[in-house]
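These notes concern the structure reproduced below.
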Amino acid sequence: MAPIDPHSFTDSTHPLATHISLSFFFDFPSSTIHASALLTLPAPYSGPLSLDVRALTIHSVIDPQNPSDPISYVISPPDPVKGCHLSFTLSNASSVLILYSTSPSSSALQWLSPPQTFNKRLPFVYTQCQAIHARSVFPCQDTPAARVLYAAKLNVPRQLSAVMSARHVDRRDPIPGEGSALISGDALWCADDRVVEEFVMEQPIPPYLFAFAVGELGYREVGPRTRVYSEAVPAVLESAATEFASTEDMIRQGEALFGPYEWERFDLLVLPPSFPHGGMENPRMTFLTPTVLKGDSSGAQVVAHELAHSWTGNLITNKTNEHFWLNEGFTTYAERRIVEAVQGEDRAALNIGIGWRGLNKEMERFKDNLEVTKLKTNQEGVDPDDVYSEVPYEKGFQFLWRIERQVGRPAFDEFLKKYIATFKFQSIDTDTFLDFLKANLPGIEKEVDLVLWTEGTGIPPDAYEPVSNIYAKIVSMANEFKFGRMPGADEVADWRGQEWELYLENLPKSIEPSQIVELNSRFRLSESRDYDVKVTFLLLAIASKCKDYFGEVERTLKEVGRKKYLVPLYSALVEGNGKEEEKILAKQVFAAARETYHPIAQSVIETIFNKHC
C-alpha cells in the first residue's frame, strides 16, 4: 500500500471517486440506516480499490454493469484509529455499488429518543463526520485529500423532515423499485408513512463535510440566503433568529475580504444539546450547539467562525489532519477580521486576548507531548479526536497575524484573495502553502522564521499578545484581584460574555473559596446563560476546592454535550492528587449522563478517565 493519509486506508495508486450516490432508509426503532452507495470513478479501472469503513455491515459489492455476479471483498480486522479496510478488485469498471447497513454504534451518528429532544415527541438523528467518522455512515475514501460530489435520497418517517449539507431538490412520495435492494422489496420503502427527501451537492467536498439531520424541524428566515433551523420549538427558533440576525452582514464582509461566497446558501441548524462541538462548518448548512444562544447576539461569534470556513477549510482544505492548522488557523484569522469589520476593533481584540490565554494554557497541557504543539504534526497512529486542541486555531492565527504585521494588511489582504482563488476546491498541505507564500511575498522567509513557526514546538518568541484599551483594562483588573479588589458594578455594567471570560481567565490560579463565593454573590456567574462564562467560573471553583458549586458543576455536565465544556470540567475533577471526592463525583455524573452525550464526546471523556482514574 501507498497510503496518502495516516488516518485512512486510501491508496495513492488507486483512483479517487469523483461522485457518490447514496440511498438511505432510516429505521429509527433499531437506530440503523439500510443503505446503498454508488461510487463513480473518473474512468474505467481494473485493479484493487481500498475504502474506509467503521461499524458497517457490508451486504454485497456489485459492478452495476454486471449485477448478477457480486464482487468478492475482504474486510480487515478493526484498527483502533482507522476502523476497517474494505478491499476488492474491479475489472474495467467505472463505478461500484455497495449495499450495507450502519450500526447503532456508528461514531458519526447520534440517535436521540423523544425524551432527549427539545419537543420530547419524536426521534431525531444527526451526523458529525469530522475528523474521520464519515466512514461509519458510508464506505468511502475518508481523507480530506479526496473531494467528491454527492447525491442522496433519504427515506424517512413522514412526520419528520431532513436537512443536508447540500441543495434540497425535492420532498416526494417514494417510488417503487428505487429502494427495494436495501430492504427486500417495496413494502417498507413505499409505505404510506414514509417520504423521500432528495439532495444534491454540486461542489466537490472532503468526506468529513458530509452531514444530515432528521427530525421534527422548523425554520425562520433571517436573510436573503440564510434560514435558521432547529426542532420546531418556537422559543428556540425565535431565539436563534434574534441571535443570528446579523448573518447577512457577516457574509458580505466575508466576500469583501476573501472573495465570492461560492456555496449559494448559508443556512444554520441549531441541534439538540448533545451536539459535541460549538459549530460544524458543513457547507450550505452549518450545525450549531444550542449553547450559542446567549441572548445578546454574542453567539454570532461562532457563526462568524463557521462562515469563515466557507473560504478557509471548505473551499481550501487541509490534505490530511496533520495540516489541520490550514483549516483552523486561517479560519480563526478570517473570523476575527469579519468580527472586526462588523463589531469593531475592541471586540476583535477581546477575541484575540481570550485566544492568547487559551494558547498558553494548551502549551501547559501538552508539555509532555510537544508534537501536538507544532502546526505541522505527525499523527501516525494517533486518533485526531484525542489530540484536538486550540493549538492549530490559535498558533495558526498567530502565525498569519505575524505575517500580516510583517508585510502590512493591504499586502496580506491581496495575498489572501489570491491564495483562495488559486487553491479553491483543492486540498493542500503546509509545504504547498509555504511555497505559495514565498513566491507571492518575496523575501518573507528572511523576515519570519517559517520553519520555526510550522515545525517548531511551543510559542515562537515573535508571537504577539493583543494591544487594546479594553483588553489591557480587563487584564489589569484581573491582576488586582490578588490584592482583594473586585470590579465595581459600574465597571462591569456593559460587559458581555467575552469581557467576563477574559477577566476570569486572567484571575490568579489560586483563589480562596471565600473569594469565589463573594465573586459569585456579586455577579451571579454560576447562573450565567453564557456557558463560556459559567464554565470558566466553575473551573475556578473546582481549582479552589469551593464545593458550594459542585452541584452546579453536576447540573452543567448533565445539560450540555459540547466538548469545549465537558473536557475541561471532567479533567479538572479527576486530574491531580487528593481528589478522591471529585473523582467519585465525576464518575457518578458520567454514568448518569453518558447516554445523552454524542459518541465522540463519550470516547474523549473515557480517555480522560483511563488516564487519571
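Glycine residues also receive a Cβ, built from the backbone N, Cα and C atoms like all the rest.
Long-range C-beta contacts of Gly279 (peptide binding site), restricted to its own chain and to partners at least six residues apart, with a cutoff below 8 Å, comprise Thr286, Phe287, Leu288, Thr289, Val292, Val302, Val303, His305, Glu306. TrEMBL lists Gln128, Cys129, Gln130, Pro276, His277, Gly278, Gly279, Met280, Glu281, Arg562, Lys563, Lys564 with the feature peptide binding site.
Residues or ranges marked as Zn(2+) binding site by TrEMBL: His305, His309, Glu328. Cβ-based neighbour count (10 Å, all protein chains) for His305 (Zn(2+) binding site) stands at 24.
There are 24 other Cβ atoms within 10 Å of the Cβ belonging to Glu306 (active site, proton acceptor). Annotated active site, proton acceptor per TrEMBL: Glu306, in sequence order.
Sequence-distant contacts (6 or more apart, same chain, Cβ under 8 Å) of Tyr393 (active site, proton donor) comprise Trp325, Glu328, Gly329, Thr331, Thr332, Gly355. Annotated active site, proton donor per TrEMBL: Tyr393, in sequence order.
The feature domain 'Peptidase M1 leukotriene A4 hydrolase/aminopeptidase C-terminal' is assigned by TrEMBL to 469-609.
When the CA atoms are compared, the binding-site residues lying within 10 A of His309 (Zn(2+) binding site) are Glu281, out of the candidates Gln130, His277, Glu281, Lys563.
Secondary structure by DSSP for the domain 'Peptidase M1 leukotriene A4 hydrolase/aminopeptidase C-terminal' (469-609): 104 helix, 0 strand, 37 coil. All protein chains shown were included, and the count of other CB atoms within 10 Å of the CB of His309 (Zn(2+) binding site) stands at 24. Within 8 Å of the centroid defined by the CB atoms of His305, His309, Glu328, the record's Zn(2+) site, lie the Cβ atoms of Glu281, Glu306, Ala308, Thr312, Gly313, Asn327, Phe330, Thr331, Thr332, Ala334, Glu335, Tyr393, excluding the listed residues themselves. The 10 Å shell around the Cβ of Lys563 (peptide binding site) contains 21 further Cβ atoms across the protein chains shown.
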